[in-house]
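Quick look at what TrEMBL lists:
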- 66-221: domain 'CP-type G' (DOMAIN)
- 76-219: domain 'EngC GTPase' (DOMAIN)
- N115, K116, C117, D118, G163, Q164, S165, G166, M167, G168, K169, S170, T171: GTP binding site (BINDING)
- C245, C250, H252, C258: Zn(2+) binding site (BINDING)
Amino acid sequence: MQEGLVVAAFGKRYNVELTDGHVISCVTRGKKVDNAAGDRVSIKLTDNHEGVIEKTAERSSLLYRSNAFKSKILAANVTQILIVLATQPSFYEDLLNRCLIAAEACGIRPVIILNKCDMANAEAEEKLAFYATLGYHTVRLSAAESVAPLLPLLDHQTSILVGQSGMGKSTIINALLPEVHSRTQEISATLDSGKHTTTATHLYHLDVHSAIIDSPGLQEFGLYHVDTATLEYAFIEFRPFIGKCKFNNCTHQHEPGCAILEQVTQGHIKRLRLQIFQQLRAENAVRVYS
Ligand SMILES: Nc1nc2c(ncn2[C@@H]2O[C@H](COP(=O)(O)OP(=O)(O)OP(=O)(O)O)[C@@H](O)[C@H]2O)c(=O)[nH]1
Ligand SMILES: [Zn+2]
């Protein structure tokens, strides 16, 4: 058996980097086993270029997305999630919220990046400012000019970049790792997985202590797996009011004496955040798997 790190995941195929730096294409032992970029694994070589993942080390964090029928791991052992927005094209605030909630639900620090700040967009800036008032770390960036503002954030972290298509994730990766393009091609050539490279999740080492995971552009981010109690807590501005409603099974929709609704009415909690909470709660209720 050899120890390795999952550095790329394409559906049910994984590239595992061994301690000597070699990258081996692997499958899992069973159909039900799921791995993701960032996983520390033990593999058994089946020949010089292929192997089977026999064991997955305990994970310090696990980031999921899901629909009504199944959940899928996006990345393992990440320490922060970088949510990339841009001044244009305009971003979906719903998707931003889903990324934030996914991060809160698995205990990972989210950082919100507004990219393409060389192109002014007052509305986007205003939205960013709102999330800063909630307490989130926000960064203004123009990745096309410089990614220097990200460097101190990335140090000693395993970060995952998530965001809609076109926000600038590839631009950020290319600026951080100018050699990435050639490396991706090199790996795909040796492992014959070229056709998958655009939809894969990849982990890149920035230095010995820091890594960054690039994920494909998201159109939706299902959170059917997140239960109501976790959801409530994931909306950070709800926290002081949880348990303060008149009814202890309050759904925060129409109940009298609802502490959350009162905050919305008074303008202390943004109505959109409560609407997103209700949407996510409804999704969890129709989940068909356990
Ligand atoms: N003006 C400006 N354009 C940028 C900046 N960063 C990226 N872009 C442009 O935005 C477009 C999309 O950038 P990508 O890096 O391909 O976006 P992506 O998030 O990787 O998109 P997917 O691959 O679809 O997930 C490209 O045309 C980039 O040149 C920036 O800071 N300023
Ligand atoms: Zn309530």
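Every residue, even glycine, has its Cβ placed from backbone N, Cα and C.
Any TrEMBL annotation is an automated prediction that lacks curation.
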Listed binding-site residues adjacent to ligand 2, that is, members of C117, G163, S165, M167, K169, C245 whose C-beta is under 6 A away: C245
Using Cα positions only, nearest of the binding-site residues to C250 (Zn(2+) binding site) (N115, G163, K169): G163
Fewest other Cβ within 10 angstroms of its own Cβ, chosen from the binding-site residues N115, S165, T171: S165
Summary of DSSP states over the domain 'EngC GTPase' (76-219), given as helix, strand and coil counts: 58 helix, 37 strand, 49 coil
Number of other Cβ atoms within 10 Å of the Cβ of K169 (GTP binding site) across all protein chains: 24
Around the Cβ of G163 (GTP binding site), the count of other Cβ atoms that are within 10 Å: 24
Shortest C-alpha distance to T171 (GTP binding site) - which of the binding-site residues C245, H252, C258: H252
DSSP state at C258 (Zn(2+) binding site), helix/strand/coil: coil
CB contacts for C250 (Zn(2+) binding site) [other CB atoms within 10 A, all chains]: 20
PLDDT averaged over the residues of the domain 'CP-type G' (66-221): 88
G163 (GTP binding site) versus C245 (Zn(2+) binding site) - Cα distance in angstrom: 35
